[in-house]
Amino acid sequence: MSITLGQVIWSSVKPIIKIYLIIGSGYGLTKLNILSVEGVKCISSIVLTLLLPCLSFNKIVTNIEDQDIKQVGIVCLSSVLIFGTGIFFAFVVRTILPVPKKWRTGILAAGMFPNISDLPVAYLQTMDQGLIFSQEEGNKGVAIVFIFLAMFLIVLFNLGGFRLIENDFQYLDEESAVGDTKDEESRCSTPDEQPVILGETSYSGGGAHKNSSSPNLLTPDESQSQSIDSNYPQPLHSDFDSQTTQRRRRSIVSSVRTTELHELPSHTASELVREYSNVDQMGRRRSASHHSQSGFTRRSSMLERVQSSHLMRMVTTDVNVNAQDFKDSGKSLPKWLYKLSPTRYIVFFLKNCLRPCSIAVILALVVAFVPWLKALFVTTSHTPKLKQAPDAQPALSFLMDFTSYVGAASVPFGLLLLGATLGRLKIGKLHPGFWKSSLVLVLLRLCIMPIFGVLWCDRLVKAGWVNWDDDGMLLFVIAISWALPSMTTQVYFTAAYTPAEAVDTVQMDCMSFYLLIQYPLMIITLPFLVTYFLKVQLKV
């Protein structure tokens, strides 16, 4: 049944209205200080570790069959082309237009990685009302999006794509920061003593130098922590009492730091940097020093040891990974095995496969491609008949109910977080002429790359790999994946690699400006692409 051009245009614009209303809600909650930086971080962790894995597992198991393995291969190939085209355009812009030296590789990541999860899922879930696509077709499209997401995670984490962001940062070496090191060690060894005098050192995002060394007292957070420590004298009764008191003291200090974070001025670094920063001025991981200061005893609980482990930190957050994690991969193996050059690459790759979303996609694909295994979860025309549960449903259908119910919150929360992120961004002083570079790269990404996407879909059909009638949803998802803005995760990566004491935050300023100018333009470019693709290519 053919539909009018007006219906196609409205069907293309309606999802954008819903998406931007949710993004605007997150933006408003941030501006009203209802959704704080800590709240964003907590919600993000919940989405990454529970909601998104549940949604991806449910959609892939339900909608991918063993005969769809060719489509999975096409999605993987299309992902490589999208990432490759994006980084090529970014390289061209960096070569011919002015880009700050401190964002030479960050711009490559900004051009390479699209926001390939929440936006296309929200778009598809609005278009599956029957006018354009059926609900079954929409669910199939969502499953395809999560295969794109799996490729995104593999390239960004397993293959080290995050290094493009990290390489922009040059930290102070140990020789130039020896004074800070000694002071930090003295604080770690004597956490209950009086505040000590520090040499004030300012960090520059790309330069390995420091400013004046005039003496100053500790920061308000550190002095508050010291004063709280002095109010809780060390007990003399037992190790258990000592450990309990230390936990209580750490809890109080943490609550004080959280409360004061809203009141701290933002003239030295943004709230995102203060909350997400994982390194000091020398590039050392902050969590390590905090861990040593917290006074953990050898008799700490197994739960505490698991929570503080490097592997748990890597797989449960999206930005707590850096080059040091790669260097440390495989250290627990025998020395002769660790010295082999491929060892660290293989171990690091496998460790990143333990991320909740990666595990969910891998398990879901295994279940989807094994018919008798899939029959335990769902019943389709291609699954064998197995003994059902008392309610005439597959034996493990309760897991599908759980993942469907919980995973439904993933996309709304993801879009709220997107709005909250945009609301936190602040643009500082830009490098001369950088606005031209950003604008050109945005135009290439949102206006030129969609043309490449349409041509790629046409080429797939002419090569005989797919056809417009049977694989329309696959081709539609591929096309819109070429037209997505850059990932917002890069904002958090940039904040994580920026020392909290940083004065010069060029990387954050560049990323903020580049990201903020994309979303107003997407209101026009994405509906235009969808309208053209539906009416001209799919001939709806």
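Using the three backbone atoms N, Cα and C, a Cβ is placed for every residue, glycine included.
Among the features that TrEMBL reports, compositional bias 'Polar residues' is placed at 210-233 (among others).
Taken from TrEMBL, the feature compositional bias 'Polar residues' applies to 290-300 (among others).
Annotation comment: TrEMBL describes 180-273 (among others) as region 'Disordered'.
Per TrEMBL, the feature region 'Disordered' maps to 281-300 (among others).
Annotation comment: TrEMBL describes 12-30 (among others) as transmembrane segment.
If one looks beyond the transmembrane segment (42-60) by at least 6 residues along the same chain, the residues whose Cβ comes under 8 Å of a Cβ in the stretch are 117, 121, 139, 142-143, 146-147, 149, 316-318, 355-357, 359-361, 363-365, 368, 400, 402-404, 406-411, 413-414, 416-417, 492. What TrEMBL records for 42-60 (among others) is transmembrane segment.
Annotated transmembrane segment per TrEMBL: 72-93 (among others), in sequence order.
Feature annotation from TrEMBL assigns transmembrane segment to 105-123 (among others).
Annotated transmembrane segment per TrEMBL: 143-162 (among others), in sequence order. Residues of the same chain lying 6 or more positions beyond the ends of the transmembrane segment (143-162) and with a Cβ under 8 Å from any Cβ of it are 55-56, 59-60, 62-64, 71-72, 75-76, 78-80, 83, 109, 112-114, 116-117, 120-121, 124, 321-322, 326, 348-349, 352-353, 355, 357-358, 361-362, 364-365, 473-474, 477, 481, 487, 489, 493.
Feature annotation from TrEMBL assigns transmembrane segment to 353-373 (among others). If one looks beyond the transmembrane segment (353-373) by at least 6 residues along the same chain, the residues whose Cβ comes under 8 Å of a Cβ in the stretch are 48-50, 52-54, 56-57, 60-61, 64-66, 68-69, 72, 146-147, 149-150, 153-154, 157-158, 311, 314-316, 382-384, 386.
Residues or ranges marked as transmembrane segment in TrEMBL: 402-422 (among others).
Among the features that TrEMBL reports, transmembrane segment is placed at 434-453 (among others).
Among the features that TrEMBL reports, transmembrane segment is placed at 473-493 (among others). Beyond the transmembrane segment (473-493), the same-chain residues lying 6 or more positions past its ends with a Cβ under 8 Å from any Cβ of the stretch are 44, 71, 74-75, 78-79, 82, 85, 106, 109-111, 113-116, 119-120, 123-124, 133, 137-138, 140-141, 144-145, 148, 152, 156, 162, 165-166, 272, 276, 318-319, 417-418, 421-422, 425, 445-446, 449-450, 452-454, 456-457, 460-461, 466, 508, 511-512, 514-515, 518-519, 522, 525-526, 529-530, 533-534, 537-538.
Per TrEMBL, the feature transmembrane segment maps to 513-534 (among others).
Counting C-beta pairs under 8 angstroms (sequence separation of 6 or more), the transmembrane segment (513-534) fails to reach the transmembrane segment (72-93), with fewer than 3 such pairs. Distant neighbours of the transmembrane segment (105-123): 15-16, 18-19, 22, 52, 55, 82-83, 86-87, 89-91, 93-94, 99, 141-142, 145-146, 148-149, 152, 155-156, 161-165, 167-168, 410-411, 414-415, 418, 437, 441, 444-445, 477, 480-481, 484-490, 493-494, 507, 510-511, 514-515, 526, 530; these residues of the same chain sit at least 6 beyond its ends, with a Cβ under 8 Å from one of its Cβ atoms.
Pairs of Cβ atoms less than 8 Å apart link the transmembrane segment (72-93) most often to 434-453, out of 12-30, 402-422, 434-453. Counting residues 6+ beyond its ends, the transmembrane segment (434-453) has Cβ neighbours under 8 Å at 82, 85-86, 89-90, 93-94, 97-100, 107, 110-111, 114, 478-483, 485-486, 510, 513-514, 517-518, 521-522, 525-526, 529 in the same chain.
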